[in-house]
Amino acid sequence: MSALGAVIALLLWGQLFAVDSGNDVTDIADDGCPKPPEIAHGYVEHSVRYQCKNYYKLRTEGDGVYTLNDKKQWINKAVGDKLPECEADDGCPKPPEIAHGYVEHSVRYQCKNYYKLRTEGDGVYTLNNEKQWINKAVGDKLPECEAVCGKPKNPANPVQRILGGHLDAKGSFPWQAKMVSHHNLTTGATLINEQWLLTTAKNLFLNHSENATAKDIAPTLTLYVGKKQLVEIEKVVLHPNYSQVDIGLIKLKQKVSVNERVMPICLPSKDYAEVGRVGYVSGWGRNANFKFTDHLKYVMLPVADQDQCIRHYEGSTVPEKKTPKSPVGVQPILNEHTFCAGMSKYQEDTCYGDAGSAFAVHDLEEDTWYATGILSFDKSCAVAEYGVYVKVTSIQDWVQKTIAEN
């Protein structure tokens, strides 16, 4: 007569409370489970099954069943004496079935606050017969989340009114960065995505010789975003024609986390630098007392007529008669890559240290802020009538190409 084995499974909740034992092991603990009766020509094999509490599930390669061996060890066939673990089960309950129908399992990917889906599909994936999650538009390619740009939580109020400018409300200019040179000179930079910023070539060359390279410059800079959040610089890239196009890019070692204090500004798909259009410029530059400010300020400035701006800085009313004269003793770069913005009606203006900041324009239809220009000439300080900005649309191809290659 063949031997007959019997298995007793004790259901346990996340941990082993007690086990029964045969003749060779200790008697049962006082959990109320009776000792099983013996049978002729057979024996009792002691085993337990680990189970988890509600909303938890087993994390194990085995089935959770452990058998007591001759050495009084609890052993699982798949994992030996390694105990299973319980982990949170965030799965959905099985939906009820319907007559003449079936349940199609699908999930929708969504992004956290201040991020949006970057995908050709709608983010909805369906489980196919091969147990693969498939999107109708992109197949098994997963979507990505990218930073929202140009959507400040507390946008600047035009009713509120850096030279004598207005204090920034919380998060009005989350793209504004503060850059400090190795000789402790403060300038500006503008966040345009999670890892790249625009600034001027002049800012990058501060206290460096003309022979300095991008590799020489990067280690000498200190950069802050948000509320004095220090970020590490990986490299700087100068525009190939930076003597005429006063611009450079900064790449960070790590992507920044986007939130209400840190958010890139959008790059425009059209030119917003129309005469009379008002933009906002923020910065930590010098104030009316010619001292650097500890508080981010901003000012509203109108785009000026380019010809008038050129005549103003040439010191002549006739454009053909070029002279080195300038109301502030320094000649700005003025060409097809630049535009000018005049002082506000309150005689407010940008000043030393504001260069690298964005001329931010609010597109009311899209409710989005765009970097129309990057402040290049910040020496006006309410003495000259115009500040000079590098036009972002004229450098956008270079910006996108540089980011893609680096």
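Every residue gets a Cβ built from N, Cα and C, even glycine.
Quantities reported herein were computed from a predicted structural model and do not represent experimental measurements.
For 1-18, the entry in Swiss-Prot reads signal peptide.
According to Swiss-Prot, the feature domain 'Sushi 1' maps to 31-88, an assignment based on sequence analysis.
Residues or ranges marked as disulfide bond in Swiss-Prot: Cys52-Cys86 (among others). Neighbours of Cys86 (disulfide bond), defined as other CB atoms within 10 A of its CB across all chains, total 18. DSSP assigns Cys86 (disulfide bond) to a strand in the three-state reduction.
Per Swiss-Prot, the feature domain 'Sushi 2' maps to 90-147; the stated evidence is sequence analysis.
Sequence annotations record features per position, and here Swiss-Prot assigns disulfide bond to Cys111-Cys145 (among others). The C-beta environment of Cys145 (disulfide bond), restricted to residues of the same chain at least 6 apart in sequence and closer than 8 Å, consists of Cys111, Lys112, Tyr115, Lys116, Leu117, Arg118. According to DSSP, Cys145 (disulfide bond) sits within a strand segment.
What Swiss-Prot lists as domain 'Peptidase S1' is 162-404.
Over all protein chains present, the Cβ of Asn184 (N-linked glycosylation site) has 9 other Cβ atoms lying within 10 Å. What Swiss-Prot records for Asn184 (among others) is N-linked glycosylation site.
Within the same chain, residues at least six positions away from Asn207 (N-linked glycosylation site) with a Cβ under 8 Å of its Cβ are Ser181, His182, His183, Leu185, Thr220. For Asn207 (among others), the entry in Swiss-Prot reads N-linked glycosylation site.
Around the Cβ of Asn211 (N-linked glycosylation site), a 10 Å sphere holds 6 further Cβ atoms from the protein chains shown. The N-linked glycosylation site annotation in Swiss-Prot covers Asn211 (among others), and the record cites experimental evidence as its basis.
According to Swiss-Prot, the N-linked glycosylation site annotation covers Asn241 (among others). Annotation note: Asn241 (N-linked glycosylation site) sits in a coil segment as assigned by DSSP.
Neighbours of Cys340 (disulfide bond), defined as other CB atoms within 10 A of its CB across all chains, total 29. The annotation disulfide bond is assigned in Swiss-Prot to Cys309-Cys340 (among others).
Residues or ranges marked as disulfide bond by Swiss-Prot: Cys351-Cys381 (among others).
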Whole-Å Cα distance, Cys340 (disulfide bond) to Asn211 (N-linked glycosylation site), is 29
Around the Cβ of Cys111 (disulfide bond), other Cβ atoms found within 10 Å total 16
Restricted to the domain 'Peptidase S1' (162-404), the mean pLDDT of the model is 84
Closest by Cα to Cys52 (disulfide bond), out of the recorded positions Asn184, Asn241, Cys309, is Asn184
Comparing the Cα of Asn241 (N-linked glycosylation site) with the Cα atoms of the recorded positions Cys86, Asn184, Cys309, the shortest distance belongs to Cys309
Students should find that the Cα atoms of Cys309 (disulfide bond) and Asn184 (N-linked glycosylation site) sit apart, in Å rounded to an integer, by 32
